[in-house]
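Colleague: Not my notes, these are from TrEMBL:
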- 17-39: transmembrane segment (TRANSMEM)
- 51-71: transmembrane segment (TRANSMEM)
- 133-152: transmembrane segment (TRANSMEM)
- 172-195: transmembrane segment (TRANSMEM)
- 202-219: transmembrane segment (TRANSMEM)
- 231-247: transmembrane segment (TRANSMEM)
- 259-279: transmembrane segment (TRANSMEM)
- 285-308: transmembrane segment (TRANSMEM)
Amino acid sequence: ADGWVAAGYARGGQPGWAALGLGLLAAASLATQACSWLWLRSDPPGLRPDVRPWLLAALHLLQLGFLFRCLHALKVGWKVCWAKAEDEDKQTHMAFLSHDISMLRLFETFLENTPQLTLLLYVILQTNKAEPFQGLGVCTAFLCVTWSLLDYHQSLRSFLQDKYELSLGSSIIYYLWNLFLICPRILAVALFALLWPYGVAVHFPLVWLAMFLWVSLQGTDFMESPGPEQLYRAMVAVILYFSWFNVSPGRTLHRSIIYHSFILVDSALLALSWLWFQFPSEESSYLILLVSVALPCYLLGLVLRVVYYKWLHPNMRAQQDGVYDEVDADGRSDELQFRSFSAPDLVNRRMQWLARTQFPVFCPAGHRVLNGAAAG
């Protein structure tokens, strides 16, 4: 779809848009491959693929590292599915591999699809027409963005033993509230680009810098060294430009309120600037309807999020059964069983950080402890 869009721009005499689309694709791929390679280097030897290091490096240089991860996960998953006896280490290894893939997909999606989706909407709104390749690009981009968030959320729960997984209804609501929150944000940025195309080149770095500082102040410790940690924070800041993403332990209510208030005000200012300085003509009067629907859409997304965490989150079923866990750090957690490897040398720092951030456990005295791998 990305290649089709870029080729369509080139054939239409718009090489700049084609180059920008391909540039976003290349930047997202480079950042994702860099993260994948850094993670493989920091993994314990027992968790690394049985492949020579130089070959792994070559695959990542050729932008095939993510594909290799998927194939390796399929190989391990096949062994887990057809094993005659349950092997907890293999199941834990599979959960570990699948979450890395899910997280890399999330990074690639927000570095590639959300900017390309904004570019597509800008082009469509500017020309007042949509070509077939543009329609396909918009549909696939929205699908990738919202699905990557749902897939990441589901993969987090694979670290839990005897977990309460997302039901179909919970998954649908989770998908919808992310969709309803992201759509108005992307529309506001696209409208601001109509008013001042180069203004986005000013707006994005400023907001990205604010998000980067906010993530840094929360003290993340995801990567194995300070340098790669800055790369992780930079990629998370791109996600936060478009959507909420939790990066630190503790209750997220106050941080979420601050974030959504900031994004709502920022998006409103972008849309109002377009309305004030470039009121749409009769040919593009439909944009008034889109803008008027954007705010209710965002508020509906917030309502669906509240509904999800109050009634549809797996925690609710766990509480009914007397078991508590925490995903997205929204509430109290007790007696959590975290997947762990039997060999202590297989403990991974990323696993520890995820356990500490997403699955904290509270002992009766109120002190936090970590079970399983996080206890290392």
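Using N, Cα and C of the backbone, Cβ positions are placed for all residues, glycine too.
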Colleague: Is it true that the transmembrane segment (259-279) and the transmembrane segment (172-195) have 3 or more Cβ pairs under 8 Å, skipping pairs fewer than 6 apart in sequence?
Modeller: yes
Colleague: Can you tell me which recorded stretch out of 172-195, 231-247, 285-308 has the most Cβ pairs within less than 8 Å of the transmembrane segment (17-39)?
Modeller: 231-247
Colleague: Can you say which of 51-71, 172-195, 231-247, 285-308 has the most Cβ pairs under 8 Å with the transmembrane segment (202-219)?
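Modeller: Counting Cβ pairs under 8 Å, the winner is 231-247.
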